[in-house]
Amino acid sequence: CDRRFSRSDELTRHIRIHTGQKPFQCRICMRNFSRSDHLTTHIRTHTGEKPFACDICGRKFARSDERKRHTKIHLRQKDKKVEKAASVSTTSSPVAAYSSSVATSYSSSIATTYPSPVRTVYSSPASSSYPSPAHTAFPSPSIATTYPSGTATFQTQVATSFPSPAVTNNFSSQVTSALSDMTSTFSPRTIEIC
């Protein structure tokens, strides 16, 4: 093949792929390997040696990739605890319901950080997050505060927009009653949208 290598040992290892040469043999079961590190890992299956220990629970593994895969189990457990704690705290605070995702890092001797996106929780559509007219702690602009006379302003806009008196009369009477109904039924934010 046309592959090039900067080191001769890499070239030698690669050539073994093409030739099928396996110069490293296990003395216990006579199995052959193309790389010495694969033989070393294989011998651990016979000796029971497990040099890689989990930093969290202490479980030991023969290969480092097995420990790395095992460590992810602990991280998923921590992520679930963080999500559960986040969902509990967001239900008590209306501001936290719109928080962005948070990256959490877990330190270990592996020297790797694992981001943990915290699920964003939104309040259900049934309970409105907009303040109702009864709440005075959350000032929200309404038609009454934005326009001193909401119905009069709307009537004059309709009258100037539509020169026909028939159209003006139809809209002004319906709008006046609709606005008074809206003011008593909906929150200020809903009136603004309408």
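Including glycine, each Cβ sits where the backbone N, Cα and C put it.
Record features (Swiss-Prot):
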- 1-18: zinc finger (ZN_FING)
- R3: site 'Interaction with DNA' (SITE)
- R7: site 'Interaction with DNA' (SITE)
- R13: site 'Interaction with DNA' (SITE)
- 24-46: zinc finger (ZN_FING)
- R31: site 'Interaction with DNA' (SITE)
- R35: site 'Interaction with DNA' (SITE)
- 52-74: zinc finger (ZN_FING)
- R59: site 'Interaction with DNA' (SITE)
- R63: site 'Interaction with DNA' (SITE)
- 66-88: region 'Disordered' (REGION)
- R69: site 'Interaction with DNA' (SITE)
- 69-79: compositional bias 'Basic residues' (COMPBIAS)
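All features noted in Swiss-Prot, drawn onto the structure.
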| residue | record | Cβ neighbours (10 Å) |
| --- | --- | --- |
| R3 | site 'Interaction with DNA' | 8 |
| R7 | site 'Interaction with DNA' | 8 |
| R13 | site 'Interaction with DNA' | 14 |
| R31 | site 'Interaction with DNA' | 13 |
| R35 | site 'Interaction with DNA' | 13 |
| R59 | site 'Interaction with DNA' | 13 |
| R63 | site 'Interaction with DNA' | 14 |
| R69 | site 'Interaction with DNA' | 11 |
Positions whose Cβ lies under 8 angstroms from the zinc finger (24-46), at least six residues beyond its ends: 13, 16-17, 62-63
Residue pair R31 (site 'Interaction with DNA'), R63 (site 'Interaction with DNA') - Cα distance, angstrom, rounded: 18
Pairwise CA distance, R7 (site 'Interaction with DNA') versus R13 (site 'Interaction with DNA'), rounded so that it is a whole Å: 10
From recorded sites R3, R13, R59, R63, R69, the one whose Cα lies nearest R35 (site 'Interaction with DNA'): R13
Secondary-structure category, per DSSP, in which R3 (site 'Interaction with DNA') falls: coil
Segment-level pLDDT (mean, integer) for the zinc finger (1-18): 90
For R59 (site 'Interaction with DNA'): DSSP state (helix, strand, coil): coil
Cα proximity to R13 (site 'Interaction with DNA'), best match among recorded sites R3, R59, R63, R69: R3
